[in-house]
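Here Swiss-Prot flags 13-33, 34-54, 96-116, 136-156, 203-223, 236-256, 304-324, 349-369, 392-412, 448-468, 479-499 as transmembrane segment.
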Amino acid sequence: MDMSIRQALLKNFMGNSPDWYKLAIITFLIINPLIFFFVDPFIAGWLLVVEFIFTLAMALKCYPLQPGGLLAIEAVIIGMTTPKQIGHEIANNLEVILLLVFMVAGIYFMKQLLLFAFTKLLLSIRSKRLLSLAFCFASAFLSAFLDALTVIAVVISVSLGFYSIYHNFASNQADAELSNDGFIDSTEKKQTLEQFRAFLRSLMMHAGVGTALGGVMTMVGEPQNLIIAKHLEWDFVTFFIRMSPVTIPVFFAGLAVCYLVERFKLFGYGAELPELVRKVLTDYDKKNSEKRTQQEKAQLLIQALIGIWLIVALALHLAEVGIIGLSVIILATTFCGITEEHALGKAFEEALPFTALLTVFFSVVAVIIDQQLFGPIIQFVLQASESSQLSLFYLFNGLLSAISDNVFVGTVYISEALSALQEGLISQSQYEHIGVAINTGTNLPSVATPNGQAAFLFLLTSALSPLIRLSYGRMVMMALPYTIVMTLLGLLAVEFWLVPMTHWLYEIGLIAIP
């Protein structure tokens with residue numbers, strides 16, 4: 001039956017999103033101006049923030065750029081903020097945009113090396129506990145220097161490749177549909193596949209948490225870290241040292257959790273790699289290694305050298321992060337022979353949707369600033385004692401980051417803390433301590449749900465998740481031991497260790513007195 005133009009417009013609006021979600025967004029767009037003009041701009045502003053967080057929580061139904069962008073456009077039209085204020089926020093955070101555009105694209109051209117490393121890791125370590133620790137540690141180390149999304153994308157590629165190799169073997173089909181187990185006729189092969197799925201689920205979760213453990217440590221580990229570092233005027237090394245009283249204990253606690261859940265087979269962990277699967281994968285890798293050409297070996301060597309350049313350039317702060325990322329693109333493409341525009345364009349596909357979404361974040365931050373929405377919360381926090389302020393900032397950030405995007409939350413709170421400093425409500429020293437509390441608060445508790453960590457959301461929405469039966473609920477359950485330990489230890493560190501350890505770092509001359 002032919003549909004009318006009205007029906008076609010409604011069908012096209014937000015694509016395949018559920019009808020109730022489309023209706024909710026339309027309702028928001030209708031009531032926001034009414035409340036802004038006829039009730040109270042402050043209430044309307046808070047309603048917009050809640051609605052925006054709701055769109056982030058519904059990321060699996062519809063990417064937040066569309067519904068969040070509509071809300072942001074309307075906010076400008078009705079006068080909640082101005083294009084000038086949004087432009088000011090974007091200009092202040094240009095480094096973050098350059099990080100997402102150039103660094104993520106740069107690492108894309110090093111995927112070949114990362115795939116090689118993770119493949120060798122998986123096949124060379126037979127102990128599941130050691131392998132889990134290795135994946136968690138490797139993901140943490142890489143995420144401290146690279147983008148967490150890229151790291152998890154590489155681990156997904158490795159796992160998806162291995163899954164397809166065994167699935168094709170088990171189904172006796174060279175190009176079998178990966179989601180179809182109907183061709184697997186043997187009960188033993190089906191049981192082996194289920195065990196392999198459980199094995200891959202646990203590895204993916206360890207790697208995902210590893211990106212959070214490493215990502216919190218450095219200014220390039222997560223996008224919000226760079227925003228916080230810019231507000232605090234810290235370079236790469238200073239940021240790492242200032243965060244260390246909280247991040248180092250939490251890192252080792254995270255590794256301990258990784259070992260314990262595997263040792264005692266808790267929360268869905270503990271599945272071993274079946275011997276049959278190991279043999280199939282090892283044979284496949286051996287054939288691939290024998291077929292590797294001298295040209296491909298040279299590409300791996302070049303990528304390893306570029307990796308060393310990346311770490312040195314970041315550690316010595318030789319240029320802005322985005323510029324270093326651009327240098328990686330130029331070096332990797334030049335010496336690996338990638339010169340076609342089409343091939344270059346693929347590298348930017350991963351980051352640009354999130355870059356656009358980040359710009360919408362800045363629009364909502366502009367509304368928060370213009371309408372002074374966080375004034376009462378900040379006043380409440382600043383009325384507490386200095387030590388309690390740190391815990392409150394950590395907890396408020398952690399709570400919001402678990403249900404919303406941590407880039408958005410971190411940006412809002414560090415902006416408010418800077419305003420408090422400029423108004424003379426807090427000292428420079430306290431402002432820096434609050435910066436640590438905000439950074440750790442946005443990064444550590446956010447592993448609780450896929451909404452908080454972009455890497456987790458990327459994993460959940462990947463082609464791998466349905467194949468290994470990794471649902472939203474299962475991710476939350478498997479992340480639970482990490483969430484509890486990392487959140488509580490982070491809170492203890494902020495409350496009891498941060499200030500005395502920072503003073504000790506002053507005394508031994510590792511950081512300068514503000």
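Using the three backbone atoms N, Cα and C, a Cβ is placed for every residue, glycine included.
When Cβ-Cβ distances below 8 Å are used as the criterion, the transmembrane segment (13-33) is approached by residues 44, 47-48, 51, 54-55, 58, 61-62, 66-67, 70-71, 74-75, 78 of the same chain, each at least six residues removed from its ends. The stretches the transmembrane segment (203-223) and the transmembrane segment (34-54) do not meet in space: the count of Cβ pairs below 8 angstroms, excluding pairs fewer than 6 apart in sequence, stays at fewer than three. Scored by C-beta pairs under 8 angstroms, the transmembrane segment (136-156) has its highest count with 448-468, from the stretches 34-54, 392-412, 448-468, 479-499.
The stretch in closest packing with the transmembrane segment (448-468), judged by the count of Cβ pairs under 8 Å and taken from 96-116, 236-256, 349-369, 392-412, is 392-412. Residues 24, 28, 64, 68, 71-72, 75, 78-80, 364, 367-368, 371-373, 400, 403-404, 408 of the same chain lie 6 or more positions beyond the ends of the transmembrane segment (34-54) yet place their CB under 8 Å from a CB of it.
Nonlocal intrachain contacts for the transmembrane segment (96-116), taken as residues 6+ away from its ends with a CB within less than 8 angstroms of a stretch CB, comprise 90, 142, 146-147, 149-151, 153-154, 157-158, 220, 223, 226-227, 230, 296, 299-300, 303-304, 306-307, 310, 320-329, 332-333, 336, 338, 346-348, 350-352, 354-355, 358-359. Looking at which of 236-256, 304-324, 349-369 has the most CB pairs under 8 Å to the transmembrane segment (479-499), the answer is the stretch 236-256.
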